[in-house]
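Engineer: Following this message is one structure expressed as structure tokens.
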Amino acid sequence: MEGPREPTPVLAPRVQVEFYVNENTFKERLKLFFIKNQRSSLRIRLFNFSLKLLTCLLYIVRVLLDDPALGIGCWGCPKQNYTYNESSSEINWAPILWVERKMPLWAIQVIVAIISFLETMLLIYLSYKGNIWEQIFRVSFILEMINTLPFIITIFWAPLRNLFIPVFLNCWLAKHALENMINDFHRAILRTQSAMFNQVLILFCTLLCLVFTGTCGIQHLERAGDNLSLLTSFYFCIVTFSTVGYGDVTPKIWPSQLLVVVMICVALVVLPLQFEELVYLWMERQKSGGNYSRHRAQTEKHVILCVSSLKIDLLMDFLNEFYAHPRLQDYYVVILCPTEMDIQVRRVLQIPLWSQRVIYLQGSALKDQDLMRAKMDNGEACFILSSRNEVDRTAADHQTILRAWAVKDFAPNCPLYVQILKPENKFHVKFADHVVCEEECKYAMLALNCICPATSTLITLLVHTSRGQEGQESPEQWQRMYGRCSGNEVYHIRMGDSKFFREYQGKSFTYAAFHAHKKYGVCLIGLKREENKSILLNPGPRHILAASDTCFYINITKEENSAFIFKQEEKQKKKGFSGPGLYHGRPCPCAAFAYGDRGHGPPKHGVPACTERRGRRGQQAGTPTGTAPAGRRPSTSIAPVLELADSSALLPCDLLSDQSEDEMMPSDDEGLSVVEYVKGYPPNSPYIGSSPTLCHLLPVKAPFCCLRLDKGCKHNSYEDAKAYGFKNKLIIVSAEMAGNGLYNFIVPLRAYYRPRRELNPIVLLLDNKPDHHFLEAICCFPMVYYMEGSVDNLDSLLQCGIIYADNLVVVDKESTMSAEEDYMADAKTIVNVQTMFRLFPSLSITTELTHPSNMRFMQFRAKDSYSLALSKLEKRERENGSNLAFMFRLPFAAGRVFSISMLDTLLYQSFVKDYMIPITRLLLGLDTTPGSGYLCAMKITEDDLWIRTYGRLFQKLCSSSAEIPIGIYRTQCHVFSTSESQVSVSVEDCEDTREVKGPWGSRVGGGGGSAHGRQTAGADPAEHPLLRRKSLPWARRLSRKGPRHSGKAAAEWISQQRLSLYQRSERQELSELVKNRMKHLGLPTTGYEDVANLTASDVMNRVNLGYLQDEMNDHQNTLSYVLINPPPDTRLEPNDIVYLIRSDPLAHVASGPKSRKSSCSNKLASCNPETRDETQL
């Protein structure tokens, strides 16, 4: 049975719906066309402006065609002649009410009036919002009605066609239309509206309208007077408004006189307001800087500097370094900064040298409008710098990252040079062409300062552009030499195009370095293969040079600015003296090397290529006087470097055996309790983007509790540094918090190429407790500890083992980087470090400052005439335009003070030398490219003086161990001038100084030290005679040896002695203070040697470290300085520390263990079994 059928659904018809963006009414469509749409509205306003100008022009035509003398009257009425009578006081109003208007002119004016009237009524209708009176009483509407309705009425009433209508008032309507048109024009082309341009235009139009209104009004009213012409009326208005008032033309009737009064009142009210607005906008524009024009951007080259706040020091560092290169003299610098220009910056930018080159724009890099003002898309480069003076450095980095993103989004083709403060933020800007991370470089440099003295000074001098003429007018020899060597920089050249290195194509790298330095005095430090982007420092003798290689070298100037004057070379070649034959006492070819001065003045000094004229002058430079240790018999000749390295060369196996011996052969005093270290990559990096470095690591990670130095745990009970029994001296780092940058302080000190016996314990003295992420990153490194404390707390310093430390690094704290008064941010750090100098005089302290100018307060001594002389020298060098005016300050020259702002020039220099950042990172150990060498140091001892000169040392190191020297750290004694409040005490006045001969630093028996520092003095005072005894015997001995004085001179001499005794008692008080605090803390006082018990060995060790000997002698002091690539004929001196680039020991082990072992076994029989942790000469 079938059920009921379901009804079929009925399909509803489809309906098409149209959606409109605006209301689809006639009024809304008109409003869209006349008002809302920018382009159509612009056309309407342009048409309206043209109509108003046309009416003004028609009025002028009517005035020129009208002559009242021919008769006046209404349209169609008989004309009446009128003559002005000066004696009559009555005014005939007919010439004022009626004018002569020709029929064609009337018709044109009527048509224009009808169009204007209809347009006005339409706009009133479209803009009506419920209040009609507001629309009616607008000034523009009233003027429109006055100038249009009478013409429309004359269509229907003919006699009124000659009625005067003030059409000249349309100039004000034209001014209003022009303002609206400019606004719409800026909106239509999507450009920033220039308020300055608008205001100038408004002011000009206002003046023009006032003059035009006054001219036309006076001319028309004077029709009943003297009947002035239009030109005469214009002359009268100009004379009147300019307040000159000659009086030759004056209005005759009172209506025209009243009009003049009204116009003057209007001018006195309107014009000052316009001028005030214009001046205000002008001042605002001066603050904001205006625009960098598109035409200049397309025809001239410019770079953009984006900063959060611009200080005068940062600006001058940038400008001096940027414009130091001759190729950049025609570049412009556009500064984009969101803050108002500083007063000091404004003064500097007004100097003609900079006012023509530097353009300051106030704006934000996050606004496309401001980037467009700076023409970022046409820029050659954009430098984005972080504000290091911010308390929150992470927030400063976030601002830098956003700026970099904004610039990359707006101008993707503009090269970016970005400065980042914290390393964990570096990966956000890895797209930039060049990135410098401040904390990475800072901590790595401070770490190298502990093992390679004055590395900070070395790197700073290398990355600064210098002319090498600093200090050349100084009477001090060390200042002249130090300033001359500071002009050495890193340059590059393609090998096939180089006169320096072209002849060494197909030879080994070491061979090229050997001969280039011997012949030209040029230090070849590295190269880059054409197919490889990585730079290799000292790749070693197995690296063969190709013509396409890019060579990097250190020299006083680049090869392109050098003139070559060859002498005797052809003669030597004819005699067959070439290759290895040059190194066995025969004369070598001498190439005089003249340098251009990079466009900065007279030529620089030349470097004699022939540095060793080895005529046999007796035994003057023969074998050394003493006997050398076994296995270290020095030879008077220097072995040649092979053109191609032998497969069984000593270098690879020697270095590798050094490392293996260092681990497998513990010394007797270490016994069997030595923890075996392993070499590997740190398993936990604290941040993204850190370069992997092969390091000495613990086999098993240390528990976090064992990393605390001052508290015992269940694994050990040690609570002070003495209990650990460290074999090497400590390195203490004082920082506010354990930032990720501190990780880069540990890595260079634990790198695999550092011999294990040279590893110093590292103690982190932190104000705040480190977090677990940081502890997880450092727990794999051997002998790394931390404790909570502050550098200004004596108890914290003693607990962390400062009396067992060799180096103390004081890092600038973030909380002190900003101060109410500029340059006061370093006040606390400077005073604390000065206190530590007094309490622990034998400690090597490296201090980081926020402002480089404050380094003059380090090791400050009142009434020091020598410091005053250095200050004058610094001012003179700054006046001469030096970029390194502070280089002669003793703490900087000795590498005892450092400011991270000194490395800003590294980023600036990368614009011309794009290889400077990679080379600097390789030198600092931040990057470890396979096959690239590393920076280390060696010490010149008495046994090494047979080499005589730096040039021979360069050749010796190249031929023996393939190491490349790049400079010398020299410490020498210096007699400072006497001041009134000080007394000089010579060494000979002290008894039992048998180890010291002559002045400090001249000759010292047994005063040697390690390769990177000093040896600790023996604890037994009998082994080291005291340089000073108790104060009373010392004073009596001084009085016996001193000259005889009489009268006033004797009294003055006695007062000086008393002052010295007072200073002596002060030092004793400091010593007692330290000992009492150590006893209170339960620490043993045996390790603390106060100033009163300094031994001769201690003094010489401090001399070697470049410290001022305030305690020993107020005038006989030492100073230290860095010589980069000194001339080859520079004489070596005892205790010189030579900077070396040593080749990578792992670069030559890829051939397999069997071949390496067989190669090494052939050489180990003749090798010294000692650990070769430094270069043996």
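Counting starts with 1 at the first residue shown.
Cβ coordinates are placed from backbone N, Cα and C, and glycine is handled just like the others.
Per TrEMBL, the feature transmembrane segment maps to 46-65, 106-128, 140-160, 200-221, 228-247, 253-275. Annotation comment: TrEMBL describes 300-436, 728-868 as domain 'RCK N-terminal'. What TrEMBL records for 604-634, 996-1026, 1149-1177 is region 'Disordered'. Here TrEMBL flags 1158-1169 as compositional bias 'Polar residues'.
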Engineer: Looking only at the recorded stretches 46-65, 106-128, 140-160, 200-221, 228-247, which one has the largest tally of CB-CB distances under 8 Å to the transmembrane segment (253-275)?
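Structural biologist: Of the candidates 46-65, 106-128, 140-160, 200-221, 228-247, 200-221 scores highest.
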Engineer: Would you report the average pLDDT that the model assigns to the domain 'RCK N-terminal' (728-868)?
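Structural biologist: On average, pLDDT over the domain 'RCK N-terminal' (728-868) sits at 83.
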Engineer: Six or more residues out from either end of the transmembrane segment (200-221), which same-chain residues have a Cβ under 8 Å from its Cβ atoms?
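Structural biologist: Non-local partners: 56, 59, 63, 96, 164, 166, 168-169, 171-172, 175, 178-179, 182, 228-230, 232-234, 236-238, 240-241, 251, 253, 255-256, 259-260, 263, 266-267, 270-271, 274-275, 277-278.
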Engineer: Counting only residues 6+ away from its ends, which parts of the chain sit with a Cβ under 8 Å from the transmembrane segment (46-65)?
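Structural biologist: Same-chain contacts beyond the flanks: 99-102, 105, 108-109, 112-113, 115-116, 119, 147, 167-168, 170-171, 173-174, 177-178, 181, 212, 216, 219-220, 230.
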